[in-house]
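What Swiss-Prot says about this one:
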| type | residues | note |
| --- | --- | --- |
| TRANSMEM | 16-36 | transmembrane segment |
| TRANSMEM | 58-78 | transmembrane segment |
| TRANSMEM | 93-113 | transmembrane segment |
| TRANSMEM | 119-139 | transmembrane segment |
| TRANSMEM | 182-202 | transmembrane segment |
| TRANSMEM | 207-227 | transmembrane segment |
| TRANSMEM | 239-259 | transmembrane segment |
C-alpha cells in the first residue's frame with residue numbers, strides 16, 4: 001500500500017495575536033470579489049438590467065444568502081440530530097460546516113427577492129451569477145484540500161492517492177476528491193459557462209446560463225461523490241447513494257426545465273432594453 005503524504009500546509013493563512021484568518025475564509029472572500037468583478041464585466045456586455053450598479057448593491061445580498069443558506073443547509077441536511085441537542089452551535093459559523101446546496105438555496109432566494117424588488121427578471125441576474133459561481137466553487141474545494149477535510153474514498157493502489165493526516169481518515173491512501181471536484185465543479189464548469197457567455201445569442205436569452213449551471217453542477221457533483229467519502233454522521237443512504245447525490249438530482253431536473261423554457265422567454269437585446277422589457 002503506497003500513497004502520497006499530505007503536504008504540510010497550514011490551514012491558517014494569517015495569525016496576528018487573537019486574529020486568525022484561514023485559507024478557507026480567504027477562499028470565500030476571493031470568490032465573492034471575483035464574482036462581483038466578473039458579473040459587472042458581463043453586465044456591461046448585455047443590454048438592460050441588472051446593471052453594474054445593481055450588481056454592486058447585490059453583492060451584500062449574495063454574501064448574506066450564501067453564508068446563511070450554507071450554514072442552515074449544513075444544519076438541516078448533514079447534522080440535524082446534533083444541532084437539535086446543541087442549538088446554539090448552529091450559530092457558530094466560524095467553527096465550520098457549510099453546505100453548497102444550502103448556499104445555493106440562499107443565493108437563489110436573494111436573486112428572487114432582489115429581482116422582484118427592482119422589477120426585472122431574476123433569470124437575468126441568475127445568469128450572471130451562474131457564470132461566476134464555479135470560480136468560487138473551485139477556490140472552496142482547494143480550501144477543503146488545504147484543510148485536509150472532505151477526503152475521498154480509500155484507494156490503496158491509486159498512484160496519486162493521498163494519506164490525509166486526520167486520524168478519522170484512518171491513515172490509508174484516499175482519492176483526493178476535493179481536487180476532482182475543484183476540476184469538475186470549478187474549472188470545467190467555468191470554462192463551459194464562460195464560453196457560452198461569450199456568445200451574444202446565448203447570454204441574451206435569459207435562463208440559458210442559469211439552467212446550464214444547474215445541470216452542469218448537478219452532474220459534476222453526482223460524479224464527484226462517487227470518489228468522495230460520505231459524511232461520517234450520515235454515511236450512505238438508500239441504494240448506496242450519498243446525500244450530495246440526492247440533493248443534486250433536483251438541480252439537474254430544474255436546470256433542464258429552465259433550459260427547455262429558455263427559448264420561449266424574454267431576450268435581452270438593445271431594442272428590448274429600450275422598450276423596458
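For all residues, glycine too, the Cβ spot is worked out from N, Cα and C.
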Exercise. Going along the chain, which residues at least six beyond the ends of the transmembrane segment (16-36) come within the CB cut-off of under 8 Å?
Worked result: 55-56, 59, 62-63, 66, 96, 129, 132-133, 135-137, 139-140, 142-144, 146-147
Seminar exercise, completed: Of the listed stretches 93-113, 182-202, 207-227, the one with the highest count of C-beta pairs below 8 angstroms to the transmembrane segment (58-78) is 93-113
Problem set entry | Positions whose Cβ lies under 8 angstroms from the transmembrane segment (207-227), at least six residues beyond its ends | 100, 123, 126-128, 130-131, 133-134, 137, 152-153, 175, 177, 180-181, 184-185, 188-189, 192-193, 196-197, 241-242, 244-245, 248-249, 251-252, 254-259, 261-262, 265
